[in-house]
Structures are given as structure tokens and as C-alpha cells.
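Chemist: I'd like to ask some things about the structure below.
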Number of protein chains: 2
Amino acid sequence: MSKERLSVIKIGGNIIEDVTSLHTFLKLFSNLEGKKILVHGGGKRATHIATKLGIESKMVNGRRITDADTLEVITMVYGGLVNKNVVAKLQALGADAIGLTGADINSIKSDKRPVKEIDFGFVGDVKKVANKSIEKLLQADFTPVFCAITHDGKGQLLNTNADTITSQVAIGMSEIYETSIYYCFELNGVLEDFNDKNSVVKIINPSVYKELLANGVIADGMIPKLDNCFDALENGVHKVYIGNTSMLTKENDNYTTITL
Amino acid sequence: MSKERLSVIKIGGNIIEDVTSLHTFLKLFSNLEGKKILVHGGGKRATHIATKLGIESKMVNGRRITDADTLEVITMVYGGLVNKNVVAKLQALGADAIGLTGADINSIKSDKRPVKEIDFGFVGDVKKVANKSIEKLLQADFTPVFCAITHDGKGQLLNTNADTITSQVAIGMSEIYETSIYYCFELNGVLEDFNDKNSVVKIINPSVYKELLANGVIADGMIPKLDNCFDALENGVHKVYIGNTSMLTKENDNYTTITL
């Protein structure tokens, strides 16, 4: 018997922060057929509120450190302000949303990142996704909305990368569903030429990926993102799509599909 | 067939704000047998963070007004900071908690309070509790943890009194469960003599209530609280208890029981 389909959709800070983009996306999301899960980042709102509260953003080697004060702000902004407003808006659009951190229903357990050269502070690396508990919510016809927070199971919340949450939740749910990931961002997809927004690489499989890495089309921050996609595919996820939010409609076929 | 039991427990700001009191309470709560729901207020944390963010607490005739900025702080503090930390701590204690506002699973819909002499701003009066949706969570063995936020179903979150949320959720769940309310606060119960903390009025029924009102034992802020209790009882709630958190143990029998 073929598995039922599940879509796991991630939106980044640029969509979250723009009222119009967010509304357009949430409409598309709520109209999407079948079971679905939303994962959202928090964007610059957290930095903005941290600054107002007099909490400095600490960076080491260009990477943000989550100290106790910063974790409080993240918990307020991601878990409260952003998550609950998204849930309220989805309810208005007819989607029976439920906002979650990884602590809720013990859905995503993580390990505090060990201190090596850098102490990242209260940052978690995902260890276990409780797919059977998440499945109970989906079976009840609720639509889970995850923010980028997990917990260690001992009472500590942990800041966790939203892309990783997306792929790990999708991997976990693949046991039960034919699960696809949609990474929505401001571009149309992975671009062959960064200056031509229509030069979308339509399909990336492992051999295309090698080529794109060799000729430098995929570089820097895109490498961990793509590695993350292939990791998901190698661990049971059906397909990964990268593009702007209109890829959720049938009209747009200009986006990147990542496949094995 | 007799109904299964459900306990709806409310804790106020004094418990939330004190690390030791909160931990003691959460241990008692997680050990409590049977199905249960927690409702928490937010306490002074919201005021404190609002002040830091330069948001003035606006009062009219001694009552707080929830303007747009204040609602943002409440959503951050109640829905994020307090709620998610309580959930993480309960998970560590073995209770499979899930944090909720009234927007999540459309659990508590309210009407924005109409403007009469005072415009209270974004304050909601509870209209409908989705008892069947909450029941799905209880059936899945999750423990709902509500903060004092509801929504209007049109995308707007609303600040809502935690005592009212408690009684309205309990009334809604009474259709399905034999539901009791436990209002936990810093006193041992309703006191005959405010200066003697052991002068607990053990049982308040409607005729005792009339007496206590007539001789001034119950006055001021306690009147709406007690009215709220009787409203719950008249609408299907089995029993209402008022006392400190140790009333959740079998050792303490020094608390107030409110009954018809």
C-alpha cells in the first residue's frame, strides 16, 4: 500500500517579517491539499527586540552565540510572538493550526552542542523526533506549526536551526508518510547565474550537485543547505523542493527539485 | 456510566515567578493522577519586560489597558517565555505537556470586549471552548498547558483573564468529564480572618456565600472570583477548590471547597 503524502514547508525570516508576503504565503499554505507541517524561522525580530532590551548579539568567528538572555528573547519572539500570530492567522484562514516548540509533546529532543573551539551556548543539535506523537496531531486533523526551538528533555530549551528542524522532522515522518520538503525563500530556486533570477537549476541529483560544486555555482552558505537536503533524501524523504512560495501553486514550475 | 475525572488547575503569577515555588508545584502537578489541564497567568514578568522595552502600562480607572504594544509583550511573555519553559519543565518531570493559547486548535474563541466607558483594547471575553478538540489532546495522553491568551477567529490574539479561561475550559470539558477546578494561590484558602492564615472557610455553598458577603468576609476582588466559581458550578463543573498548591496532595485538607 502506498503511503499517504505529507508536505513539510519551511519559511524563512524574509517571509515572516513582511506582512504581505506572510499573508500571501499563509493563504497558499492553508489551501494546500493533504497533511502538512509548517516550520518557521524567526528573522531579525529577535535581534531587534534583543537590542531594545539591551542584550548584545554575541558573535564568535561570525557565528551567533545563544547565551541565557538571548535564549529568553528567542523563546519570547519565536515561540510566542511569531508562532502564535502565525497560528491565529492560519485559524482565520481555516487551517486548524497548533503551534509547537520541540518541548511540546516532547516532539523534538536535542543535545546541547558540545563546547569545542566555540561555545555556542544554548544551541541544540536534533537527536530524536517523536514521529508517533506528531502523527497523533496529524490524525486529529491539526496542522503543526514548529518554531526553531527544541529541548534537551531535562527542562532546558535550546535554539535550533530551522532548516535542520525541517529536515529532521521530515525524516522522522517518512516512516509514516511519503514526505516532501519545501524550502521557501526569496529566490526562485538554486540559480545557475546569481545575477539572473530566472536561471533556475530545475533538477539537482548527486551528479549534478558534484558539477555545481566543481564549477562554483553552489558555494558558501548554500553547501550546508544542500548537504542537509541530500541527508534528508538519503534518510527516507521523498523529494526536496527549493524555491519561492509560489511553488506551492500548480501554476509555477520554475523551482529546484532535489532528488537522488 | 460515571464520567472519567478531569482536574483543571490554575496557578497565578506568584507561583510562576518564584523558581522554587514553581518547581514544587510542577512536581505536584506532574504526579497528579488522572487527566489534567494547567492554566497559568503571567505575573509581573510582562510588566517588567514592557518597562524595559519602553512600553508604558496604561491604566484607566485602575484597570490595565491592552494596547497593540502591550499585547505583543503579553504574547511574548505568556505565550513564549512562561508557557514554553513550563512545558519543558513538565516534560523533564514526565508529563507529556503541550503549550496552548486559545488560537491553537481554535481551543478558546473570544470576542474583543466592546468599548463602553472604557476601551480595554485587545482584551477578549470567552465565547466558545472547543471541548472536542481539547479532548483529542487528552485522549492522546497529552497534558494541555494554557496561557492567558485567546483569539477572535479572525487572526487577532486577545489578552484574557486566566481565572475566566480556567472556569470556561472547565465548563466546556464538563460535558465529557467530571471536572474539578483547583485555584492555587499563596493563601491556604478563603480566610474568615485575613490576619489568621489558618482561619480557612472549609466549605462555601450559596447560603454560606451570602453570609460571608453580608458580614464582609468576602469583599473587593474576591467577589468576582467567587462569582466565577459559582458560575462554573452552575454550568456543570463538579467542584471548585481554592487554596495553596499543597491542596493537590492528600496530606493537606486545609483549603476551601466551593459547592452548590
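Each residue, glycine too, has its Cβ placed from N, Cα and C.
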Chemist: Please identify which of A:R63, A:R64 is recorded by TrEMBL as part of the substrate site containing A:G42, A:G43, A:N159.
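Modeler: Candidate listed by TrEMBL for the same site: A:R64.
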Chemist: From the Cα of A:N159 (substrate binding site) across to the Cα of A:K225 (site 'Transition state stabilizer'), what is the distance in angstrom?
Modeler: 18
Chemist: For the recorded positions A:K10, A:R64, A:K225, which one has its C-beta crowded by the most other C-beta atoms within 10 angstroms?
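Modeler: The largest 10 Å Cβ neighbour count belongs to A:K10.
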Chemist: Whole number in angstrom, please: the longest C-alpha to C-alpha distance across A:G42, A:G43, A:R64, A:N159 for substrate.
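Modeler: Comparing all Cα pairs, the maximum is 14 Å.
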Chemist: For A:N159 (substrate binding site) and A:K10 (site 'Transition state stabilizer'), determine the Cα separation and express it in whole Å.
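Modeler: Cα of A:N159 (substrate binding site) to Cα of A:K10 (site 'Transition state stabilizer') measures 16 Å after rounding.
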Chemist: Beyond A:G42, A:G43, A:R64, A:N159, what residues of that chain have CB atoms within 8 A of the centre of the substrate site's CB atoms?
Modeler: A:G13, A:G41, A:A46, A:T47, A:I74, A:V77, A:Y78, A:A148
